[in-house]
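Step one of this worksheet: look at the structure below.
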Amino acid sequence: MPRQHAIEDYRNFGIMAHIDAGKTTTTERILYYTGKSHKIGEVHEGAATMDWMEQEQERGITITSAATTAFWNGKRLNIIDTPGHVDFTIEVERSLRVLDGAVCVLDSNQGVEPQTETVWRQGDKYKVPRIVFANKMDKTGADFFKCLADIVDRLGAKPVAIQLPIGAENNFKGCIDLVTMKAIVWNDESLGAKFDHVEIPAELADQAKEYREKLVEAAVELDDDAMSAYLEGTEPDEATLKRLIRKAVLSGAFYPVLCGSAFKNKGVQPLLDAVVDYLPSPLDVPAIKGTDDKGNEVVRKADDKEPLSLLAFKIMDDPFVGTITFCRIYSGILTSGTGVVNSTREKKERIGRMLLMHANNREDIKEAYAGDIVALAGLKEARTGDTLCDPNNQVILEKMEFPEPVIEIAIEPKSKADQEKLGIALAKLAAEDPSFRVSTDHESGQTILKGMGELHLDIKVDILKRTYKVDANIGAPQVAFRERITKPANVDYTHKKQTGGTGQFAAVSLVVEPNEPGGGYVFESKIVGGAVPKEYIPGVEKGIESVLGAGVVAGFPVVDVKVALVDGKYHDVDSSALAFEIASRAAFREALQKGKSVLLEPIMKVEVVTPEDYTGSVIGDLNSRRGQIQGQDMRGNANVINAMVPLMNMFGYVNNLRSMSQGRATFTMQFSHYAEAPANVSAEVQKKFA
């Protein structure tokens, strides 16, 4: 079957925002107006089409980014709904990785919120072209112009209004389109499906003229001819202005800002027009780079004629189809039944069912093309971030980076039957979400779950209980401490064992030094002249790595350390890889002692938004949690307090804050860095764990 839509008519975009800015509602309206949903789903009724896991419908937040295809004005929209809660930042990160553009949704009452900053920075990291939608214009306190100011102050970006609101709060009627200089007013009776283009209301004419000028001036700066014409008194026509706004979006010169109220069905159709007019097609963004099987850099252009390459960006377990792998096809054509190679894992796979997803409905397809986002059923080996490609033209596309988890809980199944179910369920959950890790504590035999925050782990436990029917006891959350050495250490160690027959002999000299923060573990062999034969060096590495998982302070993983093997001795008969493994293990443990290992604890960046009356109590409480206040500023009539606080002092903070502020203060927290724990904390942790 030939391609139905030319690749320049594709818009692969995500909707990103802070929690509760109305992202899922905006997506729902998009699906409704593009004719994909016959009934609008409301988030607060737990009926939104995109939020299809029970946990999402109950909590009214979006956890997994479902991919949906819709059509508008002859263009094909592939929409990825991303979560706005800080514990699910990983979902946003991997969505942005496969998108070409994004709509950033703001709550007009709140402006730019902490998680907006986080997702915006992720957008900057992947250079994603963006447009901004100031939503909830019908809410009390909605202020479109505050949103514009916030984008400058908090995101350091240049916003340009391409619409202005007509009225606000209860009187929000519609918007003025500054490109066409017409007003758009929605008809309340038709669920927003009908609207009229009318003249700009007289009382807003001056304001519209002022902001139209700002828009034109920002746009003509991007084109010499348009600039010359403008200076001579000729304004750009509508087509030229749209072309220049598109150019600005693609280059990040400025970000067009629109307004509306998705919940009240106002402003969604012009937002869709803006997605089509201004966001990039796969041809407008740089072609993806990768490395071929010889390690050379190669480029895969968005073209059906190029060799096949696709990236798995999400894995989900579907009750009807089994494992579904969401993939973005970057180049070539994918046909069901063909063989591909998972070049990341060097495994062959056969493409079985191919599905086009609409939230949680699905349509079987036989072929997919460059630019498509498809769901593949039944892949056995694929994990998030893997590349699948043509076996004869192998490539590994740019890898995704995933953050380290900072919080962990122990989980114990209640019965033998639960034990088996738990193993299967955890393997599936870990495959779906790379920021969720599962490990076993060798000493206690407990299963440990690690994640990005309390909510992240709460939801995983909830899925285990509901979806997989596992009955288990859950331990209290624990902090993921780390250890590192603070000074260099040199160690010589000899391992000897003579017990008749073949003995064991190995001698190693290690130089162990601190690496810079975030530098990780680095091993280097500086052996010259065969003091330790090549075949034994992997044994040395294995011995060192066996200690990295449990350091000498309190048995936590060792990070940021450089180890060099500088000398050694061996015996022709008695030496073996195992003997060198034992020797290097003991030598490295000794080096960790000598190098004055210390305990590191995760420090969280905390932002509290509180009415002014409670500021003193909030700051006092953060100080009592060993928090360091970084600064305060006013946002509207609320005070915003930024602090760095150790994670171990933040458990249960949500309830404390609620009672301290009568439920009026809110906070967000995300991992910032690891820092050395004070001596008293270290002693307490050692007593508990060592």
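Keep in mind that glycine also has a Cβ here, set from the backbone N, Cα and C atoms.
Swiss-Prot annotations:
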{"type": "DOMAIN", "residues": "8-283", "note": "domain 'tr-type G'"}
{"type": "BINDING", "residues": "17-24, 81-85, 135-138", "note": "GTP binding site"}
> According to DSSP, does Met137 (GTP binding site) fall in a helix, a strand, or coil?
Replying inline: coil
>> Using DSSP and collapsing to three states, where does Ala17 (GTP binding site) fall: helix, strand or coil?
In response: strand
>> As a test of the contact definition, list every same-chain residue at least 6 positions from Met137 (GTP binding site) whose Cβ is closer than 8 Å to its Cβ.
In response: Ser108, Phe144, Pro165, Ala168, Phe172, Cys259, Gly260, Ser261, Lys266, Gly267
> Averaged over the whole of the domain 'tr-type G' (8-283), what is the pLDDT?
Replying inline: 81
> Including all protein chains displayed, how many Cβ atoms other than that of Ala17 (GTP binding site) lie within 10 Å of its Cβ?
Replying inline: 29
>> Around the C-beta of Asp20 (GTP binding site), how many further C-beta atoms are within 10 angstroms, looking at every protein chain?
In response: 19
